[in-house]
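Undergrad: Feature annotation from TrEMBL assigns domain 'tRNA methyltransferase TRMD/TRM10-type' to 1-236. Residues or ranges marked as S-adenosyl-L-methionine binding site by TrEMBL: Ile140, Gly141, Asp142, Tyr143, Val144, Leu145.
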Amino acid sequence: MRLDVVTIFPEYLEPLNVSLVGKARARGVLDVHVHDLREWTYDRHNTVDDTPYGGGPGMVMKTEPWGEALDTSLADGYEAGAHSPVLVVPTPSGRPFTQELAVELSTEPWLLFTPARYEGIDRRVIDEYATRLRVVEVSIGDYVLAGGEAAVLVITEAVARLLPGVLGNAESHRDDSFAPGAMANLLEGPVFTKPPEWRGRAIPDVLLSGHHGKIARWRRDQAFARTALNRPDLIERCEASAFDKKDREILSILGFAPEPGGRFWRRPTAVEE
Ligand code: ADE
């Protein structure tokens, strides 16, 4: 997979040389190109922003440097034999970044990222490239970062670990929290490793039992407990058919009740009522 990133802070992307993404690069699974947007400015101050039309606070990134930077990056990639780039635009106004979108992006041959600073990029740039490329505007969460570079790192890491040959064990992402179809989209429960006792804390007996059926059931119960606590919305979104008899019992203990439609909803507590 080829990755291009156009940014005014190329050094912010240094983590792409480290750990899993760094190894994927070293192995040739990822071909990363980071470009300095200011290379496409021609004034003394290397200006990339200007005041917004219509007024208001903050600055807007200018069309010309972005247009030239994207044209050059695209030409370079096409010349190197890449094709079908997807333009990934990190913005708090984008669609939520999910595991599903990570899986989808991991099947693309080429991602071109446009992390912005200030109030964002002049809209005409996105509209211009949308006539030629698939454009995905992506938000990594309901908060506002100072710029999109951290979002590029997040998206890249989530995508890179899904590429064939990047994780040691191909099964590793089968049970990921949020993996499409995984455990009715529950969060993963707790994990343990050696030593068997630490500061007086033991390992749950069932994990030492060697009984695969019981271990699987225990893990599922733990996943329900954690999901009910941290993300009850994930349980409320599940089809009722995703739950077996034991799941329903656990859900009842955790304070969820079935609706006539079949989905499970958290029963309001006395305080909420
Ligand atoms: N840029 C600023 N905030 C962002 C967010 N939440 N997601 C993606 N890009 C951003």
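Backbone N, Cα and C atoms are what each Cβ position is placed from, and that goes for glycine too.
Predicted automatically and left uncurated, TrEMBL annotations should be read as such.
These numbers come from a predicted model, not from an experiment.
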Undergrad: Give me the long-range Cβ neighbours of Leu145 (S-adenosyl-L-methionine binding site): same chain, 6+ apart, Cβ under 8 Å, in sequence order.
TA: Pro92, Ala151
Undergrad: For the binding-site residues Ile140, Val144, which one has the sparsest Cβ surroundings, going by other Cβ atoms within 10 Å?
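TA: The binding-site residues Ile140, Val144 were compared, and Val144 has the fewest Cβ atoms within 10 Å.
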Undergrad: So around the S-adenosyl-L-methionine site, Ile140, Gly141, Asp142, Tyr143, Val144, Leu145 aside, which residues have their CB within 8 A of the centroid of those CB atoms?
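TA: So the additional residues around the site are Pro92, Ser139, Ala151.
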Undergrad: Do you know the mean pLDDT across the domain 'tRNA methyltransferase TRMD/TRM10-type' (1-236)?
TA: 95
Undergrad: Where does Leu145 (S-adenosyl-L-methionine binding site) sit in the DSSP three-state scheme?
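TA: Looking at the DSSP assignment, Leu145 (S-adenosyl-L-methionine binding site) belongs to neither helix nor strand, so coil.
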Undergrad: Which binding-site residues from the set Ile140, Gly141, Asp142, Val144, Leu145 have a C-beta atom lying less than 6 Å away from ligand 1?
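TA: So the answer is Ile140, Gly141, Val144, Leu145.
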Undergrad: Enumerate same-chain residues with a sequence separation of six or more from Tyr143 (S-adenosyl-L-methionine binding site) and a Cβ-Cβ distance below 8 A; give 'none' if the list is empty.
TA: Pro92
Undergrad: Please work out the number of neighbouring Cβ atoms within 10 Å of the Cβ of Gly141 (S-adenosyl-L-methionine binding site), leaving out its own Cβ.
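TA: A 10 Å sphere around the Cβ of Gly141 (S-adenosyl-L-methionine binding site) contains 11 other Cβ atoms.
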